[in-house]
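*Asks:* Dumping the structure here so I can ask a few things about it.
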Amino acid sequence: MKIAFIGEAVSGFGGMETVIRDVITTFRQQHIQSEMFFFCRNDKMDKGWLEGIKYSCSFSNIRLGFLRRAKHIHALSKWLQEYQPDIVICIDVISCLFAAKARKKSGIDMPVFSWPHFSLDHKKHAEYITCADYHLAISSGIKQQMINRGVAESTINVIFNPVETKDSVIPAPEEGETATFIYVGRMKFEGQKRVKDLLDGLSQAKGNWKLHVLGDGSDFEKCQAYGRELNIDDRIVWYGWQQYPWELVQQDIEKVSALLLTSSFEGFPMTLLEALSWGIPCISADCVSGPADIIQPDVNGHLYQPGDIAGFVTLLNKYIAGEIHIEHEKIPASIDEFYQSKYYDRLHKVIISAISRRK
């Protein structure tokens, strides 16, 4: 079987790239051939994450949108004729349009899947999702967004995203030790990640706490400055971007009370799954989409309404005071359906079903 993954150029540093790379690597082990095709304006895409993956690119910096699209569609149709895939999986919504048009132009009949990794409510051209035949939703929230745009529910499969099982658990601080929180992600002061809410909440929390921040982004210095403004900077350790953040958490931080996520929206926050796979509970905004699929209150963490700083502070205070007792050793079992073996079983069945229906 041959699979084509297509999409616009990506940054190369996010959770989406990690998932795509892992899926292609696993498919290769199952003797499923995969190649990628990117639509690019220039050659600036970081390609480090594509090591070992065969890929092609269509370049166009034509300013007129319809001409730029026509060039990409022509390039894709030629590539499809050469590669002859059994299935096309689009990693973003605009690619669904390109794939549908290129399929027609190439004369090759193969099923087209959408596999968007971001909330459709916060993406341009989300209506093009309907150009795909079938849909892989990474969260229940994204499934609903697809339905809201006219996609038939029968064509949608919620597959989530996979996480590796771990061979150890990161413990909580002992009673009497300082509560230790971590944030692992991009530095966006407001916008999607709302690190401002995280800092505001901690500044109002009672008792002793420490925050370790692993991540970089356009607002890194702004977030640091705000920490100083709130007079909490002496309790925050800023690490910047880390290639292996969880190794740093395990080896240097050692004990963690909870991971914090204060986003206004997500696609499917892998940072929650990673934390839980290490036995770390999570305090997360119940934003669209993903956290509600992952977090089970009192079992592996807690949810609060996005923007409800008072609700966030209440949870922080309970964790700091030791009023919440979640056994870290039991947390990894709470995300059993997200581990790789079950994920690939789901994905394989969906793909085989689509191909057999097409024949």
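Each residue, glycine too, has its Cβ placed from N, Cα and C.
Okay, these came from Swiss-Prot:
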BINDING   Gln242, Glu274  UDP binding site
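Can you walk me through where each of these features ends up in the structure?
*Replies:* The Cβ neighbour count for Gln242 (UDP binding site), using a 10 Å radius and every protein chain shown, is 14. A coil conformation is recorded for Gln242 (UDP binding site) in the three-state DSSP classification, outside any helix or strand.
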*Asks:* With every protein chain in view, how many other Cβ atoms are within 10 Å of the Cβ of Glu274 (UDP binding site)?
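*Replies:* That number is 21.
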